[in-house]
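*Asks:* Please find one structure pasted underneath; my questions will follow.
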Amino acid sequence: MTVVLDRRKSENLWGRFCNWITSTENRLYIGWFGVLMIPTLLTATSVFLIAFIAAPPVDIDGIREPVSGSLLYGNNIISGAIIPTSAAIGLHFYPIWEAASIAEWLYNGGPYELIVLHFLLGVACYMGREWELSFRLGMRPWIAIAYSAPVAAATAVFLIYPIGQGSFSDGMPLGISGTFNFMIVFQAEHNILMHPFHMLGVAGVFGGSLFSAMHGSLVTSSLIRETTESESANKGYKFGQEEETYNIVAAHGYFGRLIFQYASFNNSRSLHFFLAAWPVIGIWFTALGISTMAFNLNGFNFNQSVVDSKGHVINTWADIINRANLGMEVMHERNAHNFPLDLATFEVSATNA
C-alpha cells in the first residue's frame, strides 16, 4: 500500500511539473524547448563573459604564436574577442576533459568551441520554443519561421563555415573587431561581394530597414482624428489603448499618390507578410551563400575579362576588387604560410635544352 501511494505522489509531482513547464499562464513561457534552452544559453553567456574578461592568449593558427583577446590582456571593448579554437585542434570535439590541463585547454581556445556549440543549441531551442508557444496558443508558426533566418546565419558562420574549411579556427571570432576581421578575410578568400546570394542578403537587410521605416512613419502619421482641427490630434489618444489609432486606407492613399497606386498595400495582412518575408528571405540567401562558400564555391570572378585588340588587359572594377583581395589575403596569417595560394601558383615557361 505504501508503494502505491508513493508512486501516485511521484506521478502527481511529475504531472504538476509538466503542467508548469507547458503552462501559457506563466509570466515567461518555458516549454520543453526552454528546458534545454535555458542551461545552454546561460552556459554560453557565462563562459563568454569570463573569457572576454580574463582568457589568456590563444594559439589560433597552431604555430605557437598566441593572440590576445581578453580585457585583462590588453584589449578594450572594441578590440577584444573570444579567439577561435586553434588550428591544431581542427574540427575535433574539444571539451575540457580532453585536454591535459585547464591551461592547455585555454591555450588552444577551448572556450570558443564551448560557447559556440552551446549558443547554437540554445538559439535553435529558442526557435523551437517560439513554435511551441505559438502552437499552444493556437497561432500560426510564422514567428519561428522568421527567426530561422538569424539562426541560419549564425549556424553558417559558426559551424558550417568551419566544417567546410576544416577547422574551428576559421570560424568568426566573438567580438567587434573580430567580426570585421572575419569579413575582410572572407572577402579576400571567397570574393563574397561578387556572390549573388550575398547581394540578395544586402537587398534584404537594407530593403527591410527602408520598408520598416516607411511603414512605421506611415502608421504614426495616419492618425484617426478624435479631436477638432484646432486641437492636437495627439490629445485624442491614450498610450496603449486597445482601439485602432490609424487608418490603413488613408496611408494607402497617401503612398499611392506619393509614388503610384500599386506601390502601396491596401490589405494590412499582405503588407505585414511582405515586411516579414523580405528581410527573412534575404538573410536565408546570405546564410546559403556562406554555406556554399564554406566549401569554396566562391563569388563570380571577372578578372581580366576585357582585353583590347592586341590582347592587353583593360582593367575593370573587377580587377580593382581582385587587387584589393590579394592585398588583404597576403596580410592575413602572414606567419602561417609563405604565400597565399593565389600568389603561389604560376606558369612555368617551356625552355629548350
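Numbers here mean position along the shown chain, with the first residue as 1.
Backbone N, Cα and C atoms are what each Cβ position is placed from, and that goes for glycine too.
Since this is a predicted model, take the numbers as computed values, not measurements.
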*Asks:* Of the candidates HIS215, HIS312, which one does Swiss-Prot list alongside SER264, PHE265 as binding quinone?
*Replies:* HIS215
*Asks:* Pick from 87-108, 197-218: which range does Swiss-Prot record as transmembrane segment?
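*Replies:* Feature transmembrane segment in Swiss-Prot: residues 197-218.
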*Asks:* Looking at 29-46, 245-262, I want to know which stretch Swiss-Prot calls transmembrane segment.
*Replies:* 29-46
*Asks:* What Cα-Cα separation, expressed in whole Å, is found between TYR126 (pheophytin a binding site) and HIS118 (chlorophyll a ChlzD1 binding site)?
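*Replies:* That separation, Cα to Cα, works out to 12 Å.
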*Asks:* For quinone, what surrounds HIS215, SER264, PHE265 with a Cβ no more than 8 Å from their Cβ centroid?
*Replies:* MET214, LEU218, ILE248, ALA251, HIS252, PHE255, LEU271, PHE274
*Asks:* By the count of other Cβ atoms within 10 Å, pick out the sparsest of the recorded positions HIS190, HIS198, HIS215.
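*Replies:* It is HIS215 that, of the recorded positions HIS190, HIS198, HIS215, has the fewest other Cβ atoms within 10 Å.
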*Asks:* HIS198 (chlorophyll a PD1 binding site) to SER264 (quinone binding site): how many Å between their Cα atoms?
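*Replies:* For HIS198 (chlorophyll a PD1 binding site) versus SER264 (quinone binding site), the Cα atoms are 27 Å apart.
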*Asks:* Considering only the recorded positions HIS118, HIS190, HIS215, SER264, PHE265, which residue has the minimal Cα-Cα separation from TYR161 (site 'Tyrosine radical intermediate')?
*Replies:* HIS190
